[in-house]
Each structure stands twice: as C-alpha cells, then as structure tokens.
Amino acid sequence: MTGLLDGKRILVSGIITDSSIAFHIARVAQEQGAQLVLTGFDRLRLIQRITDRLPAKAPLLELDVQNEEHLASLAGRVTEAIGAGNKLDGVVHSIGFMPQTGMGINPFFDAPYADVSKGIHISAYSYASMAKALLPIMNPGGSIVGMDFDPSRAMPAYNWMTVAKSALESVNRFVAREAGKYGVRSNLVAAGPIRTLAMSAIVGGALGEEAGAQIQLLEEGWDQRAPIGWNMKDATPVAKTVCALLSDWLPATTGDIIYADGGAHTQLL
C-alpha cells in the first residue's frame, strides 16, 4: 500500500521537542512516505537528538528566520541535502514566537514595539521569507503549509501573539498569489490548542498564575465546544491535516485556512 506522500521531498521547520506540532507533522509525513529535510534554530544538538526519534533519519539544517544570510543560502543548502537536480514538493512553516512582554499577564498596552515587531517578524513575516527563499526550488503542484491558531477573537494571555497570527493569515493570502506563479499552493492549518512544551509551561505558570489559569480554562472550554471533542494531548489529527494539504488531494485549494480543532471555532458554547 502506497503512502499519501510517497516520493515527495518536504522541508519541515519548527521542531524543538517531541511535543512540538512540527515533530508530529514530520512523523506522519515519513509514515506516509515523504523524504524530509528539517530546519532548526539555536540548540541544534538537542534538536538533532529529538529528530533521531523520528521513524527515519533526516538532514537537519540551521535556520534563523531573522538571519538574511541563512535565508539567502537556504535553497543551496536544501539542494545539497536532497541532491542536485531534485526539488522540494512541500514546505511546512511551524515557527512562532512572541517575547513574554507581549503575552501572559503583561498588560496589552505595555508591550514594547521592539518586542512586538520581533514576534511578528518571526511568526508572520518569516512565512513570506521562507516562501521567497524556497519557491525557486519547488516543483509545480507543490504545497506550502503554515501553522495558525484562530485569531478572530481576543484570546486570554495570547495578546500580541494573536495579532501576529492575524498578520500570518494576511501574509498567507499574498504568498498564495506569488506561489501560484510557480504552480505551488499556500495554506494555513488552524489547530486547536495542543500541549506543546510552550503551552505546558504557560499552564504551569511560566507567564504568571493568572495566565496559566486562563489558558487552562481555554483548553477545557475547547473540548466542551468541539462537536466531536478535542484532545489537546494528541497532535496527530493536526499532523494528518497538514499532510493532506501537502498531498496531491487538494490541488485547487490555496490562500485558505483549514481548521483542525474539533469544530470548536464553529460553536459559541
């Protein structure tokens, strides 16, 4: 039986731990036959140990999305990793960051612009940066997928990260216009809350007890609202949604947002 992604070469960014959504995307993609290239930032030795837990070995490249030299050399380094003459079929952007001043119990109005702009650069602008760097080495019919969290309402403790996700949604629509010139699609997956390392830290009080309590209420309310329920400890449904977008089965879908949240975004209570 062939896998959904057999023979496809896919770059996955954003693995930090084995609780990262990106880790589960990489795992499911490999289970479906994909050949991966991974990117990581900063703690590469630690990330390498984490990625060694995947079903198959994959090259790990350093990528700081704020570093213009890293971005300028990315296509060449990827080509070296996958072999001359080969191109990518998919790119996964699972990168997000906002300084603590822009999240948690810190008042929304008190976040310094320098911190907010850094968060928006990493969480939203970098989606366009990566697309620009990699589109020239992508095959027609390819797919770029970014990770979203529904920013249509003000979320407790998320503050400026919610604003960054709103920016990401707009960036995606423009990336879709540019990617279309290469015959490539661009979409986001809006996931429900997943207990990643960062989320667990917030619930544990890393951004203050009040913020932790608010996020815990958000998680509990999500499962109650979702018509089919929501398991915040299981990232596999989200990973499968991403892999569906990376496959050939949604060839006419681009510039869009696909929800993988148990349907909670459709329900008021």
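Our numbering is plain: 1 for the first residue shown, then up by one each step along the chain.
Just so it is clear, glycine is given a Cβ too, placed from its N, Cα and C backbone atoms.
Annotated NAD(+) binding site per Swiss-Prot: Ser20, Ile21, Asp64, Val65, Ile95, Gly96, Lys165, Ile194, in sequence order, evidence recorded as experimental evidence. Taken from Swiss-Prot, the feature substrate binding site applies to Tyr158, supported by experimental evidence. If you look up Swiss-Prot, you'll see Tyr158 marked as site 'Transition state stabilizer', on the strength of a curator's inference. According to Swiss-Prot, the feature phosphothreonine maps to Thr266.
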In the chain carrying Ile194 (NAD(+) binding site), residues 6 or more apart in sequence that have Cβ under 8 angstroms from it: Ser19, Ile21, Met232, Lys233, Ala235, Val238
Most crowded position, judged by CB atoms within 10 A, among Ser20, Thr266 as recorded positions: Ser20
Maximal Cα-Cα distance (Å) across residues annotated as binding NAD(+), namely Ser20, Ile21, Asp64, Val65, Ile95, Gly96, Lys165, Ile194: 24
Other C-beta atoms that fall within 10 angstroms of the C-beta of Asp64 (NAD(+) binding site): 15
Spatial separation of Tyr158 (substrate binding site) from Ser20 (NAD(+) binding site) - C-alpha basis, Å: 18
Integer Cα-Cα distance in angstrom, Val65 (NAD(+) binding site) to the residue listed as 'phosphothreonine': 33
Nearest-integer angstrom distance between the alpha carbons (Cα) of Gly96 (NAD(+) binding site) and Thr266 (phosphothreonine): 24
DSSP three-state assignment for Tyr158 (substrate binding site): coil
Inter-residue C-alpha distance, Lys165 (NAD(+) binding site) and Tyr158 (substrate binding site) (nearest angstrom): 10
